[in-house]
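The Mg(2+) binding site annotation in TrEMBL covers Asp9, Asp11, Glu169, Asp170. Annotated substrate binding site per TrEMBL: 9-11, Trp25, 44-49, Ser52, Lys76, 114-118, Lys145, in sequence order. Annotation source TrEMBL lists active site, nucleophile at Asp9. Annotation comment: TrEMBL describes Asp11 as active site, proton donor/acceptor.
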Amino acid sequence: MGIKGVIFDLDGVLVHTDRYHYLAWKRILAEYGKEFSLEDNEKIKGVARSRSLEILLEMKDISMSEVEKISVLRKKNNWYLESVKDIDEEDVLPGVLDFLEQLKSNGYRTAIASTSDNAYIILELTGLRKYFDNVVDGYKVKSPKPNPEVYLVGALEMDLDPSECLAFEDSHAGVLSAKRAGMKVIAVSDKEIPEADKWITSLDGLDLSILTI
Ligand code: BG6
Ligand code: MG
């Protein structure tokens, strides 16, 4: 069956907001006297906020009361929002607009499948919202990536079978989510994600021939 719809993760695929999530967590961990490297960050890429905190607490051997967790999660999000408040069209990653224009002018359906509760904010600030028929964000699904729900809902909202959809993802959790939903997945990452069907490092220069993988 041919591809009729393309579903994109947002942070790290279309916009470099993955960096701001990383920096906000780094600042949180610094308050506990802990380092946080980009390699550590790979373990929480694409993972929901509260689950990310649980992973970090275990990784860095920090114990925290439930009350403190709530305030840390709030602080992390406030710092993240503060760091993205001035982003705009210029922050859209290279090749993204050109590829989205090609998809839209050739009649492909498009959706966002993001774990972030802040997806709409980023889509509005960057002017990307108009390119997507459907947006699935952290508020819309119960089970975050690597659960398949977010990609399945994306396919359902586009009125397509998952086998008619192609996903673009930068995280291991996200690649697993899309694969479990029954889609072909292209990893957009500096490092290979073995579970993906294909690996590219950027959307720059991409054309519609990628849809035939
Ligand atoms: C994902 C990011 O898109 O969204 C993760 O890759 C982030 O780093 C997750 O934790 C949840 O985002 P938010 O904005 O709801 O904290
Ligand atoms: Mg991502």
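Here the Cβ of each residue, glycine as well, is placed from N, Cα and C on the backbone.
Those TrEMBL annotations? Automatic predictions, nothing curated.
Distribution of TrEMBL features across the structure.
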| residue | record | Cβ neighbours (10 Å) |
| --- | --- | --- |
| Asp9 | Mg(2+) binding site | 31 |
| Asp11 | Mg(2+) binding site | 23 |
| Trp25 | substrate binding site | 22 |
| Gly46 | substrate binding site | 28 |
| Arg49 | substrate binding site | 21 |
| Ser114 | substrate binding site | 30 |
| Asp117 | substrate binding site | 14 |
| Glu169 | Mg(2+) binding site | 31 |
| Asp170 | Mg(2+) binding site | 21 |
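Asp9 (Mg(2+) binding site) sits 5 Å from Ser114 (substrate binding site), taking the C-alpha atoms as the reference points. The Cα atom of Asp117 (substrate binding site) lies nearest to that of Asp11, taking the binding-site residues Asp11, Glu169, Asp170 as the candidates. Not one of the binding-site residues Trp25, Arg49, Ser114, Asp117 has a CB under 6 Å from ligand 2. Taking the C-alpha atom of Ser114 (substrate binding site) as reference, the shortest distance to any of the binding-site residues Asp11, Glu169, Asp170 belongs to Asp11. The binding-site residues listed here (Trp25, Gly46, Arg49) include Gly46 as those with a Cα within 10 A of the Cα of Glu169 (Mg(2+) binding site). Per Cα geometry, Gly46 is the residue among the binding-site residues Trp25, Gly46, Arg49 nearest to Asp11 (Mg(2+) binding site). Note: the Cα of Arg49 (substrate binding site) and the Cα of Asp170 (Mg(2+) binding site) are spaced 17 Å from each other.
Checking the binding-site residues Asp11, Trp25, Glu169, Asp170 against ligand 1 with a 6 Å cutoff on the Cβ atom leaves Asp11, in sequence order. In the three-state DSSP scheme, Gly46 (substrate binding site) falls into the coil class. Listed in chain order, the extra residues whose Cβ falls within 8 Å of the Cβ center of the Mg(2+) site residues Asp9, Asp11, Glu169, Asp170 are Phe8, Leu10, Gly12, Val13, Asp18, Lys45, Gly46, Ser114, Phe168, Ser171, Gly174, Val188.
Each residue contributes its Cα atom, and for Gly46 (substrate binding site) and Asp170 (Mg(2+) binding site) these two points are 8 Å apart.
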